[in-house]
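Residues or ranges marked as region 'Disordered' by TrEMBL: 70-106. Per TrEMBL, domain 'Citrate transporter-like' is recorded for 303-736, 1108-1542. What TrEMBL lists as transmembrane segment is 315-332, 469-488, 609-626, 638-662, 682-700, 773-796, 1093-1113, 1188-1206, 1278-1297, 1415-1432, 1489-1506, 1535-1564 (among others).
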Amino acid sequence: MDKLVKRVKEWKGVSRNQDQELSRSQYSLVSTGELTAEALQVWLKLPKKIKYDPDLEPFQKKYENEIAKSDSIPLEQQNGNRETKRLPSVKSAPHLNNNREEKEKCPDAVEIHPQKDNCLGEKSSERQSKIQCARHYIKMSFLLACWVFFTLVFLMYNEKEHIVRNSNLNPGEIKTYSLNVSKTDLAVFLRLKGPFVSEQTKNKMNASEFDATQKMTVWLEQLSTGLISEQWPIPLQEADFDFIAGETRSSVLKLSAKNASDMALRMKTTSNQSAPFSITYTIDPIDPTTGVIYACALLCGLYVLIIFEVVNRTMAAVIIATTALGVISMLGERPSLPELISWLDVETLLLLFSMMILVAIMAETGMFDFLAVYTFEVTKGKLWPLITVLCAITAFLSTFLDNVTTVLLMTPVTIRLCEVMDMDPVPILMSMVLFSNIGGTATPVGDPPNVIIASNKAVVQAGINFTNFTMHMTLGIVLVCVQTYFQLRFIYRDTNKLRLNVPRDIQDLRHQISIWRRAIESLPHLSKDTHVVRERLEKKMRKLTARLEVMVKESSKRVCPKDTFHTTLMQLKDKYKIRDKLLLLKSTIAISFVVVVFFLHSIPELNRVSLGWTALLGAILLLTLADREDLEPILHRVEWSTLLFFAALFILMEALTKLGLIEFIGGLTEALILKVDESARLAVALILLLWVSGVSSAFVDNIPLTTMMVRVVTALGSNPALNLPIQPLIWALSFGACLGGNGTLIGASANVVCAGVAEQHGYRFTFMQFFKVGFPVMIGHLVVATAYLLLFSFWFSRRLYTYVQAHLLLNNTSNSDIAKCLTMDNLWCHKKSQNRELNRSTYSLVSCGDVTADTLQSWNELPEEIKKDPSLDQIRQKCEELGGDLNQTLNGSRKAKSTINSDPIIEDLSPKSGVEEFILDDVTCSDRETNDSPSNRKNKAQSKRTWHYIKMTLLLGCWVFFTGVFLTHNEKHEVFKTTAVLPDQINNYSLITRNADSISVKLIGPFLTSQMERNLNVTDYEARERMVVWLEGSTEVSSPWNLTLSNNLNYNEGETRSHIFRLNSTDYILRLRTTASTVTAFKLSYSLNPLDAATGVIYAVLLLCGLYVLIIFEIINRTMAALLVSTTSLAALALVGDRPTLPELISWLDVETLLLLFSMMILVAIMAETGIFDFLAVFTFEVTKGRLWPLIFLLCIITAVLSTFLDNVTTVLLMSPVTIRLCEVMELDPVPILMFMAIYSNIGGTATPVGDPPNVIVASNKAVIQAGINFTNFTAHMSLGVVFILVHTTLQIKYIMYRDVNKLRVKVPREIQELRHQISIWRRAADSLPHLSNGVNIVRERLERKIIKLNKQLNAMVKERNKRACPKDTFKSTLEELKGKYKIRDKGLLVKSTVAIVFVVTVFFLHSIPELNRVSLAMTALLGAILLLTLADRSDIEPILHRVEWSTLLFFAALFVLMEALSKLGLILYVGGLMELLILQVDESYRLAVALMLIIWVSGTISAFVDNIPLTTMMVRVVVSIGTNPKLNLPMAPLIWALLYGACLGGNGTLIGASANVVCAGVAEQHGYKFTFVKFFKVGFPIMIGHLVVCSLYLLVCHCVFEWH
């Protein structure tokens, strides 16, 4: 025992740990009788947390009682030279190793030297840095190589023009078309449209039926050798060929010859009647094998960029899509910009955009937070019930709503719910989107692939409708839902994967268990004493492990602990409430409208509005009800990066289709099916279709894949040799295309939308995260679907499926923001303790001997501020000496009469302790009391409320009007009938004209244009061959319509001509004949009751007036105004039977302008991050030395010069941020200066063909080019006039409109405000003296002297201020302060931005050289934006997209639609016709002068109120018509100059007259400066009048006096 005591005394103890213990046990695990000296020694070596655990308390007591007391040293105080021991690290819980502060060293622990450790760390860090740099360089090299590739391709290859020719093939004739080619191996892609049978009908023919059918045969032939290619027989319809819509057929013909001469395309027919057709061909189309290789490489590149997160997925899609365009351009198939726009699935993009608007506004109500708490309450905090509820709701909604819509509605609720319950939203969102795609598979309207399948004509003819489609798919979907649920339960069997972190109590318990386990493992040997300690430690371990299992089991079932559920629920309910019940009601109305119409979409008879149009109408309704003054905050919450990703993906998929990838997949599938034995063919077909479409849909967007695969399926189902029922093939395709989208992140639209919304909320899931969950689940889908299809579609196919008699279902419906704000300008705020005194005088204005009793009385009546002035010190001292009794008399006198202090204004100046006083210059206190009275406030509120009701009634009336029209009127689908008229033959067409009073006939054929026809003299006109068209009724014959034919009737592109005939009876025959000696092929279309021109003009004027009323009086935001009026104009067209389709609407947009604006906004947004605009503002401030007018005109001249070669919209985008920053620095009002800048940009843009969009339109017109107008003479004629206009504008602004430069300031300088205020106080004091006694005159004289002195001082300050924006004495200090504050923040990004801008500007200059003009302005700007985005290397482009002026772009889009609608209503044509009529009525000697005045003033005035782009599009046709009319005999060039001066400069008249004005206003509004329509009108319209006057004089002198032309 003595040895033990000695040994323990020598032991180096450790201090007791103060960490929190676990709950103390009610019993002891060991008894003190079992403890020996060796057991105590083992106990002393245990870690502190183990050693002092309550369960080992007997060891501590034994030690203290028997050993420690002998030395009177408590264990806690034995703090000798101790060593801390370190336990080995734990790989299973690495976070525990990092969080431990106390280290316990084991005896043999290896000492780590700090220097060596740092050295190793530095080497490792340096190595990682080098690897990172290498990766960055490789990535940038690859991306820049892609950019250089497609940019060079676009600069080298022209866009391909697809020219459709009309022709005719007579019986027994062999028609030959010579091909000018220089290749021995010739391949020609042909596309024919004519009276052919459909592909499906052809597939149903057997060999004998095919041989007996009349056919057109097409082949290639070398005429000199007779060598021919394989012939292409096309079966013809058996009906009369005269009046049929026709079918489109395409094929590739190949011919190999020894030489390349005499290659021709030949065709013949076995029909006994003429076969009219249209043809287009392409020499050397893309080779399918090469195309598929390119397509696979592009697709792999996209997936590499996304999977390895090389760049943001949106940037990846943009880069690969543009590279794909480069590839097909290199192969000779470069598409034009309109063709690219046609590749976009606008229906899906419109649906996404509109639903995002609805969700963005609804989120402001707090509805999603409320629903999250409600779901938490319903599920009682249980985990899997909550997930099940979310997924079930999502799947159910997706069956009738589009699954993208469902995801947009459910994602915010899910994210908020997960945040409330401390769960990780990512796995929940992935589960939800999987069920969304599953649910959408059940019905024809739940998923875009199903919509494509269900709307296919062959599918409809096979008897598949909404009912049987849903019936057959639902059972399989139920099975898939069950499989998915259990598979997800298996994947997330460890529920910790669903949590943001493990609950704290479980973490602590696991930590304790790991410490106890280490303690057990660290016992040195298995002696009896050690065994006693081990046994006790293992008992404790089992107790802790049992408790952990209970806690984990409870935690896996619940998100919230059961004992804290109710308190948590009450806290959440109190925190997350509905914030805006009224807005929630409005949102509910809009959402309900959308959902109801979505349901009606499944009823063919009510299906007149597409899903995209329905969502847009709901968004417009909610925006109207919400009554927002600014749409920008709402538009910023739209997932623009997601929409841009979709747009790029649509273009990529269409490019892959052109490269042949989609067709290759379909063809391979069809070929495999054909190789299988007939008995197993259905099973193989089902499995192949299901798995090929499923796996392909996981990696290729399922929309274009379905579009192709549905053609394969219908071909298989209609092939009599295969004898396969089409219905099970349709179900297999639907299962595969819809469920396959669950495989990857970009497999379905809903996946990408969900990821975009989650990323906006701060939760990002990568491609691989989704792939690890989605792909196995997708494989499970396909397995279940395979079993379902084989069971119900194969084994029982004879019982369950029968062929349905084909019938035709006609469905023409398809995809449609007096209390003045008292600012520092009119409010002077001061405190008594802070009053600033004027300069103290060095002399006294009065002497003491002059003061009398009257003087004292007048003195006492003065305001306190006057009394305290230093110049009145002597009077104040004398009055104080003469106080006493006289003061009492004066006080009584003051009570009896009114004095200066009774004046309400001066009374307001009296000091009030502790109150800050506000003094108005022009408003008296009594006025304010009157204005602020309760009755007036009530009247104002009532008036405001009444006005609001009137406004909302008007706006809602418009919405109800156009919505009702869209729901009741079908879109107009104009069908042209291909036909032909033989020589000496009259073609007759019976017309159903019941209840019609007029008919419009439209022909497309080999006709001269109206302009060319008018240019013919009488002799030439009579000698030309003509086509005559007339109507013949039962009692009358209409006047003939003569159309002059062109010289080439055989192979022509065709011109469109139209004519309106008036009807008086019911039955008419349309008759045609020709004087030509050959067959004339043409296309024919007619429509009943076309819009009357006068009625259309009235409608157009009313719509235009409505737009201007909404904008001028600021009833609503200008973007909303344009959106409402443009939609109303579409309803007006629908009422007259001319409702456009969605693709036609998209064609109305000037995509070139919109793309140019968008791209330049991207460039400016990134460049603004460098601080260059702040730097330029300070630099301009330094150059102009703070002088006002030099600064303003320097900005304006720079803007005008840049606009001559840059587009003026681009210039405004670049210069607006500089101007705003400069004005903020110099305390100037940015609004008037921005208006000057926009005006100067429009002036400068007038000088060259590339400076303004109207110039681009005019300079690219064929007739203008043929008149000899090129870049040089265009610039020479226009620049001189522009110089005169610049001089005039400068003089008018400085000396007439802004003589008072205070209009240009944000506020009057503080010193001038105070001085004016002091003068007003002194003036009122002088005017308020009661009578003209001698004593009073003494005071008045002194006051007047003071006022004169102050006025002189004020005049000097104002004069100096008018010259400078910054006071001269503070200029240098201000400049230094600004230079220190506003520096270049990112020089590297500035260099990258400069490179991109220089590229854009350089190509803009090259645009003026015809030989190098292969890339449009918009495509150039887009290439520059892609370059800068690539160089900037951003992981997220959403912040950049949020700085784009989306409201401005939306305003332009609505305006383009409105202008085209006004053109269809006849307004623009009416104006042009009126001008031509007026010119004809003038004497010939004055005709040029009148024409110039009419064109410039009409185009200028209209351009002020109508956007000049569509106006110029129409007016250039009018001007060309006038210039080529031989009756007028007018030169073309001066008429063109007049049009350009009017269209470009007229845009300066109003805010919406020119694109640059709107863009400038948008940028200003984004920076917090708003200028209204009226503000711009007051400045711009007088300047525009001056412009037109100067231009008129210039043109008259140059062209009427000196005849410069």
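Residue 1 is the first one shown; counting continues down the chain.
Just so it is clear, glycine is given a Cβ too, placed from its N, Cα and C backbone atoms.
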Non-local residues, at least 6 beyond the ends, that sit with Cβ under 8 Å of the transmembrane segment (609-626)
346-351, 353-355, 357-358, 361-362, 402, 405, 445, 451, 583, 586-587, 589-591, 593-594, 597-598, 601, 634, 813-816, 952, 955-956, 959, 963, 966-967, 1116, 1120, 1123-1124, 1127, 1142
Averaged over the whole of the domain 'Citrate transporter-like' (1108-1542), what is the pLDDT?
82
Take the C-beta pairs under 8 A between the transmembrane segment (1535-1564) and each of 315-332, 469-488, 1188-1206, 1489-1506. Which stretch has the highest count?
1489-1506
Long-range Cβ neighbours of the transmembrane segment (315-332) (under 8 Å; 6 or more residues past either end)
143, 146-147, 149-150, 153-154, 157, 160, 282, 284, 286, 290-291, 294, 298, 301-302, 305-306, 340, 644-645, 648-649, 651-652, 655-656, 658-659, 1426, 1429-1430, 1434, 1437
Taking a Cβ cut-off under 8 Å, which residues six or more beyond the ends of the transmembrane segment (469-488) line up next to it in the same chain?
387-388, 391, 395, 431, 434-435, 438-439, 441-444, 450, 454, 727, 731, 734-735, 739, 773, 776-777, 780-781, 783-785, 788-789, 792
Please check if the transmembrane segment (1278-1297) comes into contact with the transmembrane segment (1188-1206), where contact means 3 or more CB pairs closer than 8 Å and the residues in each pair are separated by 6 or more positions.
yes
Residue list, the transmembrane segment (1188-1206) vs rest of chain: Cβ under 8 Å, 6 or more residues beyond ends.
1180-1181, 1212, 1214-1215, 1218-1219, 1222, 1226, 1228, 1233, 1236-1237, 1240-1245, 1247-1248, 1250-1252, 1279, 1282, 1286, 1290, 1294, 1301, 1304, 1362-1365, 1401, 1404-1405
